[in-house]
Amino acid sequence: MTAELFVLLIVVVTALAFDFTNGFHDTANAMATSIATGALRPRTAVLLSGGLNLIGAFLSVEVAATVAEGIVRLNEVDGADLLAIVFAGLVGGILWNLLTWLFSLPSSSSHALFGGLIGATIAALGWSGVIWSAGDKGVFTKIIMPALLAPVVAALVASVGTWLVYRITRGSDQQVVDRGFKWGQICSASLVSLAHGTNDAQKTMGIIFLALIAYGSAGPADPLPLWVIVSCAVAIAAGTSLGGWRIIRTLGKGLVDITPPQGLAAESTSAAIILTSAHFGLPLSTTQTVTGAILGTGMGRPGAEVRWPVLGRMVVAWVLTLPLAGLAGAICWALAHVIGGLPGVLTVFGILILMTGLIYLRSRRAPVHATNVNEQWGESAAAPAPPPATTSALDPAGTIPPAPAQDSAAETTANEGAEPRTNSAPAANSASAARRRAARNH
């Protein structure tokens, strides 16, 4: 095995690792609202999302073509250098994904990947190595403009949709309304999961295809190999099935207190925008789209509270994603380049493994998982109570019921009305002694 082939294998493994982190980092995009309202039990939700991500990855390759051809000027770099650029960009994207997951921030995995790739390209080739704008290609057209427009459009559409829903159902039995919308949420969340697989898995396909072009085993005009499609689909589905509980909690409980009508409006809006972008080959950020839609439902629901400080932290993470992931990608490329060849790539790969382990160990200090993900925002998530075993996995009403207040109230009333048996005997003895003293005096 040649050194260049070994580097290619490392790049493919790293790309699939990014795809895996993309899956568990972005599970919240599809399932956070359904979990928050009780439409789906947490573990059922992430397993359903994983299966639909797997299916969605096979539905289109337009986004993959954008990633492979629309960012780096392939004619300005040879095979070995391009492999190093792709590898460094992937490492930068993975590290940013893991850091934002640790801090429960729903940032864009797509922009982390593009930021890492752009940073590594600038470090290797200079600013001219990046296709900034060229007709319907380039960073501004394919990445920055969709990033600015998608959350705004999603917020507006979801806001209007939520307002209309509450206007139409005003005066109806709220329990009946919520139950119907929970069933609708199952369908809309499934559609978002399908859309996420259609959009996000293709980005990793495009990166692997870029590596194959660099190695010389594929040309820009060749179709995507089947093994690339299958491996990327499996990787993102596996990551999604683990559940990114930390980010699910932030989107489901931190931004807005979501009701079933809001959940349906947010998910339907997100699915429509994501599927439309996939059709036109736009590598949209599903995270920003879903967050914008959830924000819109908070603005559209009368009396709803939007936690603006939480949104502020999210926006800061969004703004920092491209430059900081780019900085990480540039540093990784520089380190690999200084050491040189296969040893340089192996060194950066070892650093990635070390950082991943440290971030995971840090996350265990305050774990978030399926049994505590739905605690109220601001409460500790360290001591969860398991959900009742009798709750149906697909029961839209299957939320964890509170302890019945009437039982404790009845018990208190009964105790107040009963005679204080512990004091009755001393009282009787005291009265008898008083009568005997009175008789002796007479």
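Each residue, glycine too, has its Cβ placed from N, Cα and C.
Note on TrEMBL: of 2-21, 342-361, the range annotated with the feature transmembrane segment is 342-361. Contacts between the transmembrane segment (315-336) and the transmembrane segment (201-218): absent, as fewer than 3 C-beta pairs lie under 8 angstroms at sequence separation of six or more.
Remark: the transmembrane segment (82-105) makes no contact with the transmembrane segment (143-166), by the rule of 3 or more CB pairs under 8 A. Long-range Cβ contacts of the transmembrane segment (342-361) within its own chain (Cβ-Cβ under 8 Å, at least 6 residues beyond either end) map to 3, 6-7, 10, 14, 84, 87-88, 91, 94-95, 98-99, 101-102, 332, 335-336.
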